[in-house]
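Asks: Supplied in structure tokens, the structure appears directly below.
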Amino acid sequence: MATVYAFVAHSDGVLDDSAAELAAAAKKFTDAPVTAIVTGSGVDAAAAKAAELFPAVWKIDAAELAYPNAEVVRKALLNNLDAGAVVLMAHNTFGMDLAPGLAVKIGGAFVADVVDIEGADGDTLKVIRQEYGGVVSTHVTVDMSAGAVVTIRPGAVAAEEGAAAAGGAIEAKAAGDVSAKRKFIEIREPEAGDVDITKAEVLVSIGRGIEDQDNIELAHELAKAIGSQAEVACSRPIVDAKWMDASRQVGTSGKTVKPKVYLAMGISGSFQHMGGIKGGVIIAVNKNPNAPIFQVANVGIEADILEFIPELTEALGDL
Amino acid sequence: MEILVCVKRVPDTAENEIELNSAGNDIERDDLVYSVNEWDNYAVEEAIQIVDKVGGTVTVVTVGDEEADEVLRREMAMGAQNGILLNDEAFEDSDSMGIATLLKAAAEKGKYDLIMTGAQADAGYAAVGGMLAAMMDLPYASLVNMVEVGDGKLTVGREIEGGNQEVNEIELPCVLSIQTGINEPRYVGIKGIRQVSGIEIPEFDAAGLGVDPATVGAAGAKTKRVDYFIPETGEGAEMLTGSTEEIIAKLIDIMKANGGLK
């Protein structure tokens, strides 16, 4: 097998949690030393952190890499990668931007959003993925003989606890020609909404199961019956339909919340949604007994939320 | 602006529950309702809105069998002027690299300023747009949730973590993958579909595209799905059972025990 690399993300010198997950993922299919790659402008701190996880670290440090622009980072990687390289990275918004095109340019295979690695059999990597929003899983084989790019779902592969410091040597690499037809301009932050769902102790969060905009009133009535500590939140399809403000969306593309109680009402439970819930007891109500949310919730109730929410609201009113 | 939008016919997860078949090696495909991949509808709507503003045409293309004709016609009923069907048994079981190879061949038969795909489809790879761009040496932006047309370039917003938007300037021609929520895809009625039913949709096979069959389909796939199975993630929820009254009583106890009720 050719050299295995882990492209590790960082922000202001702080390594992303996914770096340790990539280190653990690599150990599931190779005993060979894995080289971490850190790109950016002024990356010494991030490279030093990566050296605690990986036996070797490449730092590619250039002013043009200050913001992670996939087109520029791809060029910098291609300037350095060995032929037949196997590259691991996180399946986050940057990984989704960078990885597919990188796989084309190195002429290798591509597999995305891997949730677990079973191992390798020669040049064949065996991984587990999910399809249809996590309803079914699949075993997938990847022919790595001409290299491969593998993106790993953040949080899916457990980082090794208490792994000994790898003490990796840091090697500086040249970025090369990093001209680009795509130029980063700015980051725009969302406008603040009328409520701050990150402060609520209880969230009544609704998904596609609410079916109609008019039914959202049911969720507000339930939140009111629970008390002032409760707010209404939602999953992505509700915001896409413009039924609720983006400031109420929970998930990786929305808010991160940690209420005491999270009532997931008619929410399927995509990993992007669950990625926004960082604590508390998750109670899921869904009429589909196979909904992925029941795999990750603490408490499950198989029911149609349009019938269940009014009954719960009424019962709370009687307390 | 000449725009090509790549679309896919997929099982509609809103209309049916995806379950394993009795052999446990595939999903149950009998009686499945199919529709256009949700992300693709947003891409087609965005293309139509751009053409409405600056002129041009929208062409939709898909890789699939005769039944994929229906998704092309649906998108044409939305307002796309042309459809292209890429249909050959040799294309079956293509991985994302194979699909991108076919779409590149189709794209090179025209002269497009802008190529769009949905951000992802049923298998969740989110790969085809980025691969197509790399194969054609065009600039690319994924997860696009805003497009503004400038002179020879676009200003695009990308959805990144935490509700933030990353704004980029990108030269034309380029490839974009479109995220849901960028617009409100228009409603398509039976009447609209009837109006485009007579339009001829050109169809290309491997020879017509000039693609070596060995590089696409199962033959060319470096990434292969072996089977389907039910995931074993997590412990699973403690399911509350009993009458609705009993369930609600248990639920209220759980909420109280966890500090959710005062």
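A Cβ is built for glycine as well, from the same backbone N, Cα and C atoms used for every other residue.
Okay, these came from TrEMBL:
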- A:4-191: domain 'Electron transfer flavoprotein alpha/beta-subunit N-terminal' (DOMAIN)
- A:ARG208, A:235-236, A:249-253, A:266-273, A:ASN286, A:304-305: FAD binding site (BINDING)
Asks: By a simple count, how many Cβ atoms lie within 10 Å of the Cβ of A:SER270 (FAD binding site), its own Cβ left out?
Replies: 20
Asks: For A:ILE267 (FAD binding site), which residues of its chain lie six or more apart in sequence with Cβ-Cβ distance below 8 Å?
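Replies: Counting only residues 6 or more apart in sequence, the Cβ neighbours of A:ILE267 (FAD binding site) under 8 Å are A:SER205, A:ILE206, A:GLY207, A:ARG208, A:GLY209, A:SER235, A:HIS273, A:ALA284, A:ASN286, A:ILE293.
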Asks: Under 8 Å Cβ-Cβ from A:THR252 (FAD binding site), six or more apart in the same chain: what's there?
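Replies: Counting only residues 6 or more apart in sequence, the Cβ neighbours of A:THR252 (FAD binding site) under 8 Å are A:ASN92, A:GLN272, A:GLY275, A:GLY276.
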Asks: What binding-site residues from A:THR252, A:ILE267, A:HIS273 have a chain B Cβ less than 8 Å from their own Cβ?
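Replies: Cβ contacts with B, in sequence order: A:THR252.
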Asks: With an 8 Å cut-off on Cβ-Cβ distance and a minimum sequence separation of at least 6, pull the same-chain contacts of A:GLN249 (FAD binding site), or say none.
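Replies: Those within reach of A:GLN249 (FAD binding site), by Cβ under 8 Å and sequence separation of 6 or more, are A:ALA233, A:CYS234, A:SER235, A:ARG236, A:ILE238, A:VAL239, A:LYS255.
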Asks: Summarise the model confidence on the domain 'Electron transfer flavoprotein alpha/beta-subunit N-terminal' (A:4-191) as a single mean pLDDT, whole number.
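Replies: Across the residues of the domain 'Electron transfer flavoprotein alpha/beta-subunit N-terminal' (A:4-191) the model's pLDDT averages 94 on the 0 to 100 scale.
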Asks: Which has the fewest other Cβ atoms within 10 Å: A:ARG208, A:HIS273, the binding-site residues listed?
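Replies: So among A:ARG208, A:HIS273, the binding-site residues given, the one with the fewest Cβ atoms within 10 Å is A:ARG208.
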Asks: Under 8 Å Cβ to Cβ from A:ILE305 (FAD binding site), same chain, six or more residues apart: give me those in sequence order, or none if nothing qualifies.
Replies: A:ILE206, A:GLY209, A:ILE210, A:LEU218, A:MET265, A:GLY266, A:VAL285, A:ASN286, A:LYS287
Asks: Return one of helix, strand or coil for A:ARG208 (FAD binding site), based on DSSP.
Replies: helix
Asks: Which secondary structure state does DSSP assign to A:GLN249 (FAD binding site), in the simple three-class scheme?
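Replies: Once the DSSP labels are grouped into three classes, A:GLN249 (FAD binding site) ends up as strand.
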